[in-house]
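What follows is a set of notes on a single structure, which appears directly below.
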Amino acid sequence: MGRPPPIPWRSRAPPPPTRPDVVAARRALRSGSPVVPSLSRRAFLAGLTLAAATACGRSSPVGRGTAAPGSLSIGAIPDQDPEVLQRLHGTVADSLSAALDLDVTYTPVTDYGAAVSLFRTGDLDLVWFGGLTGVQARLQTPGATTIAQRDVDTDFHSVFVVQSATGLAPSDDLRPLAGLRFTYGAETSTSGRLMPAWFLQQAGVDPQGFPGGPGFSGSHDATLQLVASGSYQAGVLNEQVWAARTAEGAVDPSVVAYARTPGYHDYHWLLGPRAADLAGPLRDYFTGLRADDPDDAAVLDLFGAGSFVPARASDHDRIEQIGRELGLVT
Amino acid sequence: MTALLERPAAVAPRLRRDRRRWAWGLAALAAVGWSVAGALDGVNPAGAAQVGAFAAAALSPAVDGAFLGVLATAALVTVAYAVLGTALAVLLGALGAGAAARTTWGRRRLGRLGRLATRGVLAVPRGLHEAVWGLLLVTVLGLDPWVGVLAIGLPYGAVTATVFGALLDEVPRGPYEALRAAGAGRVAAALYGLLPRAAGGLLSYACYRLECAVRSAVVLGLVGAGGLGYQLSLSFSSLRWPQVWSAVYALALLCLAADVAGRAVRRRLAAPRRRAGVLSRDRVLTAAVLGTLAAGAWSWWFLALSPASLVSARAREQVGVVLRAAWPPSADADLLRSVASAAVGTVQTSVLAIALASVGAVVVMGVAARPAGRCPPGRRLAGVLVRLALLLLRAVPAPVWALVLLFVLLPGVLPGAVALGVYTLGVLGRLAGEAVEEADAGPRAALGALGAHPVAGWLYGVAPVVAGPVLAYALHRWEVTVRDTLLVGLLGAGGLGALLASELATFDWPAVATVLAATVVLTLAVDLVGDRARRALR
C-alpha cells in the first residue's frame, strides 16, 4: 500500500504572492468600509508604549497630581458660594505653604458626600468639615485626627428664616413652621439640617413632615435664594452665613429671621492618616493665628473667626449621637 | 362560464381599527392624565424675577480671558472623557456582541437560556445612569480620570454589545455557513464571514455613541467628575448667570460639532461612494477614523490615565469596603415603601415630560424641517432660528433647567417634569424635523397641485406619514427620559434619584444597594413596555 495520491483540489502549493496591504485594502473596499492604512504591529506597539510612558510623567487635569511627601491637598464641604470658598481656601493654602514649607493645593468638590469620600480615599488630606460630615469622615477613615476649630464653632447656632408673606413674627415656638413648605440646606449639613431637625423634633414638629416633604437646597446661599423666591416659605441656615449676607446687604428683604437655635459644636479641620505626622505643626499653625498680625488677620477674617482653638474628637460626640438618632449616621 | 363565477370576488381591502393600537393609545392617555393629576402643584409667580435674571444673562455671557481659559481646558477634559469612554464602550461592545447575538446561541432551549442570561448581565450596567456610575466610582476611585471614562464606558458598553449583537444577527449568514462548512472555526468564520458585512453598521453606531458621549461627559461633570459640567455647576451654585451662559454656549458648540460631524460621517457610511460603479475610497471617512484614533491617543495622554491606578491596593481596598458594607441590601419596610412611592413619582415625571416634549415637537417640526427646494427667505430664517433654539434647549443639561425652574414652580413633580420636557423637546424636535425631511413629498405636492391650502396639505399630506416615526421616537425618548429623571432627581428634583442621593449622603450602603436594584428593575420594565408599544406601532 503506497501513499494515497494527492487530491488535486487540496494541493498544498503556495498561493501566488500578494502584497498584504493590497489584500487588506481590497477587502475593505469590498465591504464598503473605509480604508485605514495598515500600521505595522511593531510601530503600533511602540507608539502605545510611548503614549503610556508620556502619560505617566504628566499630572492629570482632573484629580490630584502626585501625592509627593512635601504636598498637602486641602478641601472643604461646599456649604456656600464656591467662589467665596475658592478665595477663602486659596488664602489658607498660600498661608499654610508659607508657614509649613509645603506644597498646598485646594481642590473644590461639588457635594458634602464627595468631600467625605475623597477624604476616605486619601485624595484630600486636610478638610474643613461640618460637625456631621466630620463624624462621618472620622468613622470611615481609621487614623483621622481632629485638628482645630474656630472659637465660634464651640457655640454655633442656626437661624430659621421665613418668607415675610407668611406674616409670622419672630418667636421661639417652632410649631407654626410645620404647616409651611420648608427647605433644609444640604442633606448632611450640621447647621442646615442635623441640628435644626433635632430642635424641631424636640419642639414636637416632625422634621420630615412638612407639606410635600422638606426640600434640600444644597447650600446655605441656595436656601436664602429659594425662600426669597417663595418656592419654599421657610428654611434654615447657618447663623454665620445669615449674618454675613445680612451685613453685605445681599439678603432679599422678603426673607426674615424667625428663630435662633441653642448652641452646639460645628465646623473643624480633620487630618487624614497619610499626613498624620503634620498634626502637631498644623495645630500649632491654626491656634497660632493672631488677629493683630495682618497676614493672619486676613485668614481669620475670611473664616469669620477671632481665633482657632484646639479640638478633640470627643467634642462631636453629641453630634454623632444625634446623627444616629435621626438615621444620618449608620 | 361557471368557472369564472366560482372565482371569489376580489375583496376591497378594508381599513380596520387596530385594536392593539387603540389599547396602547388609551393606555398612554390614561398615563398622561394620571401624571398631570399628580403634578397639580401650581406655579410661583414671585420667582419670575430670578428666572428673568437667568434669561437676561443669555445676552451678556462672561467673556473675560481667565474664565474662557478655564472653560477651554474644561471642554478638552469633556472631549477626552467622551472619546475614551466611547473607545471603551466599543471595545466592550465588540467583546460582548458575540454573547448578545441571537445567532450565537441558536434556537434550542439551552441557547434561549444563554441569551436570557446575557441579557440579564447586560441589564445591570445599562439600567444605571452614567451619573450614578460616576457617583459610585468617585466613592471608590476618588479623584481619578478613570471615573469619567468608566462611567461612560460601562453603561455604553452594555448598550453597544446589545446593538452590535443585533447588527450581527441582521447580516446574511451565507458566507459564515460556507466558511463553517469548509472547516473554519467559529471565531474565524465570524471574523471573515460576518464582520466585513456588518462593518458599516458597526462603525456608524460607534459614531452615534460618540455624539451621545459628549452629552454624557457633561452630565458627569455635574456630579463632580471634572470638565465643562463641573464648571457649569460651580458657576451655577454661585448663581453667576453670565458664567453659566458662557458654559452653556461652550456646551452648545461642542454638541453642535458632535451632531454635525457625526451626522456627516453616518450619512457617508450609509451611502458609500461609487466611482464608475466601483466602491471607492472615501477620503473624508478615512480622515474621520484616523482623527478619532488620534483623538483617543491624545485623550489618554491628556487625562494621564494610568492603568495601574485601577488595580492599585487603594482601589481594591475601597471596592472591598463598599461591597462588604452593601451586602445584603436593605429590606426595611419603610425603605421599600419610600422606594415604591419614589418609583411612582419617577414614572409620573417622565410621562409628563415626554407628553410636553411630544406636543412641542409636533408644533415645531414643520418649521424645524429643512425645506426641500426653493422657499422664501423668511421661511428659511424661521427654520434656522427654530433649529438653533432646539440646539440650545438640548445643550442646557436637564438638571440645570430643573434648578432654574425651581424658582417659579413649586417643589414637587412639576419642576423636574418641565425641565425634562424642555430638554427632551430639544432632542425630539430635531428628530421629528428630520422625519418630516425624509417623508415622501409626493402626497403634499399632489394636494398642493390640486389647489389645497398649505396647512391642509400639511395636515393631510405630511402629518399622517410622519405620525408613525415621530411616535416611535417619542416612545424611545420616553425610555431615555426615565433614566434622565433619575439624574434630575439626583440633583434635587424628587423621585428615585433624590432617594438615592439621600442614601448616598448618609453612606447607608445597604439602602443604596436596594435603591439601585429598584432602579434597574424600573428601567427594565420601562424598556419592555416601550418595546411592546413600538412593536404595536409597526
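Backbone N, Cα and C define each Cβ position, glycine as well.
What TrEMBL annotates here:
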- B:21-40: transmembrane segment (TRANSMEM)
- B:66-95: transmembrane segment (TRANSMEM)
- B:75-266: domain 'ABC transmembrane type-1' (DOMAIN)
- B:146-168: transmembrane segment (TRANSMEM)
- B:212-232: transmembrane segment (TRANSMEM)
- B:244-262: transmembrane segment (TRANSMEM)
- B:283-303: transmembrane segment (TRANSMEM)
- B:343-530: domain 'ABC transmembrane type-1' (DOMAIN)
- B:351-372: transmembrane segment (TRANSMEM)
- B:384-410: transmembrane segment (TRANSMEM)
- B:457-475: transmembrane segment (TRANSMEM)
- B:487-505: transmembrane segment (TRANSMEM)
- B:511-530: transmembrane segment (TRANSMEM)
Which of B:146-168, B:283-303, B:457-475, B:511-530 shares the most C-beta pairs under 8 angstroms with the transmembrane segment (B:351-372)? B:457-475
Contact between the transmembrane segment (B:384-410) and the transmembrane segment (B:146-168) (3 or more Cβ pairs under 8 Å, separation 6+): no
When you look at the transmembrane segment (B:66-95) alongside the transmembrane segment (B:212-232), do they share 3+ Cβ pairs under 8 Å, ignoring any pair fewer than 6 residues apart in sequence? yes
Which listed range (B:21-40, B:66-95, B:457-475, B:487-505, B:511-530) shows the maximal number of Cβ pairs under 8 Å with respect to the transmembrane segment (B:244-262)? B:66-95
Short question: which residues 6 or more past the ends of the transmembrane segment (B:21-40) have a Cβ under 8 Å from it? 344-345, 347-349, 351-352, 355, 412-414, 417, 533, 536-537
